[in-house]
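Contents: one structure, followed by commentary.
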């Protein structure tokens with residue numbers, strides 16, 4: 001169906017004359033992203049956004065956000081979604097799934113109708129914030145009101161906002177069900193129902209909530225499911241709640257082609273030393289370091305700070321306002337390194353991240369796939385390094401087999417061409433709010449000399465309070481500096497194997 005639509009659209013291209021394209025010249029476009037892209041996003045049919053016959057105001061938002069041409073998942077999804085048909089779409093992490101459902105949702109929303117017309121469900125609060133910002137940015141010329149609502153925030157604020165017109169609601173299932181059950185959120189005319197990361201949303205903890213939410217929608221709703229992985233429970237949902245869905249599967253392989261994967265065998269007590277060595281050898285723009293528990297997240301963040309590196313951390317037990325601040329500031333390039341639990345494995349799109357480190361190796365292939373997908377976003381290059389101990393050997397083999405991928409032993413030196421770009425200033429922060437940008441990732445890659453001379457300090461709560469006592473009042477962010485050497489992963493001309501050296505440095509992150 002998508003190929004037939006593409007053929008028809010190619011026969012009737014819009015915007016071929018000067019009058020039609022002149023409006024483009026008035027747009028305020030961001031700097032062009034000149035990085036090489038893989039076939040994950042370049043293997044398209046050659047369609048343009050104009051070929052979808054969408055509103056000019058929407059196209060203005062699309063181009064001003066830095067989009068140039070639709071990716072494969074967008075080419076397949078958008079024309080079908082615009083017809084109102086149910087969709088079940090499977091595509092890799094970081095290939096443009098969010099825009100694939102946001103664009104048709106915005107196009108089909110009528111700003112003149114003062115009712116909620118679309119509901120977008122996501123599994124985590126951070127992903128809700130990110131997705132709502134995508135909606136607002138792409139739809140900024142449409143006059144559409146977008147609201148984000150998640151648990152961990154005041155219900156009264158949501159009630160006040162819903163007293164005004166809200167066209168699109170983005171949020172987590174529990175909070176939206178609470179609002180709908182109380183009669184605060186009126187979903188009686190909400191004809192678009194979208195689930196991102198659908199495999200997670202249809203897990204046993206969420207499924208009853210999802211089915212209750214559907215009961216508040218009209219019978220003739222459009223249901224769209226998007227994910228990188230679809231377990232059997234998704235088929236059960238499809239058979240029960242979807243009408244002849246159009247199925248899209250772009251998963252000819254599971255892992256992104258631009259991500260190079262390595263493992264290093266290392267004793268548990270030497271992991272922090274190994275991480276320190278990697279920081280000094282790799283040219284990191286931004287990195288995400290994953291741990292398997294919230295306790296280890298905080299312990300590792302503290303240890304990294306004591307080594308002299310700037311570091312934020314985030315996990316599910318933190319206050320929501322602190323999680324939001326960490327996510328916002330890391331996305332805007334305030335800090336180079338983020339330690340987190342699997343809270344941020346789902347859908348989070350920070351294009352400046354070029355290195356992911358599994359400090360703790362994940363227990364299953366699904367988690368591994370989502371973790372390493374935080375680098376190599378939208379067809380770009382990235383590096384995934386796994387610190388493996390003796391007990392992880394079987395999981396390493398099992399994950400390789402399940403994903404059909406090869407995780408190689410880490411070499412004495414890693415070619416920068418695998419994950420570093422010569423012009424880091426071109427790396428965009430998609431959907432960033434220019435008024436809140438502080439220190440972009442491009443500057444991160446160039447400002448180590450200034451940062452090396454900063455005094456080590458811990459930021460408690462907001463960024464205004466600083467204290468030299470790193471060990472107390474931990475609330476989501478550590479900042480560190482070192483008087484000498486490199487900070488945050490700058491290259492040295494030392495080609496020794498990061499795994500070859502040993503240290504007796506004590507660590508607070510030994511396995512429990």
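Glycine is no exception: its Cβ is also placed from the backbone N, Cα and C atoms.
Because the structure is a prediction, the values reported are computed rather than measured.
For 91, 92, 93, 94, 95, 96, 97, 98, the entry in Swiss-Prot reads ATP binding site, with the evidence type sequence analysis. Secondary structure from DSSP puts residue 92 (ATP binding site) in coil. A simple way to gauge crowding: the CB of residue 92 (ATP binding site) has 24 other CB atoms within 10 angstroms, across all the protein chains here.
The compositional bias 'Polar residues' annotation in Swiss-Prot covers 433-450 (among others).
For 494-512 (among others), the entry in Swiss-Prot reads compositional bias 'Polar residues'.
The feature domain 'Helicase ATP-binding' is assigned by Swiss-Prot to 78-248.
According to Swiss-Prot, the domain 'Helicase C-terminal' annotation covers 258-418, on the basis of sequence analysis.
Marked as region 'Disordered' by Swiss-Prot: 1-24 (among others).
The feature region 'Disordered' is assigned by Swiss-Prot to 429-512 (among others).
Among the features that Swiss-Prot reports, motif 'Q motif' is placed at 47-75. For the motif 'Q motif' (47-75), DSSP puts the residue distribution at 17 helix, 0 strand, 12 coil.
Counted with DSSP, the motif 'DEAD box' (196-199) comes out as 2 helix, 1 strand, 1 coil. According to Swiss-Prot, the feature motif 'DEAD box' maps to 196-199.
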Problem set entry | Fewest other C-beta atoms within 10 angstroms, as judged across 93, 95, which are the binding-site residues | 95
Seminar exercise, completed: Judged by other C-beta atoms within 10 Å of its C-beta, the most isolated of the binding-site residues 94, 96 is 96
Exercise. Is residue 98 (ATP binding site) helix, strand or coil when read with DSSP?
Worked result: helix
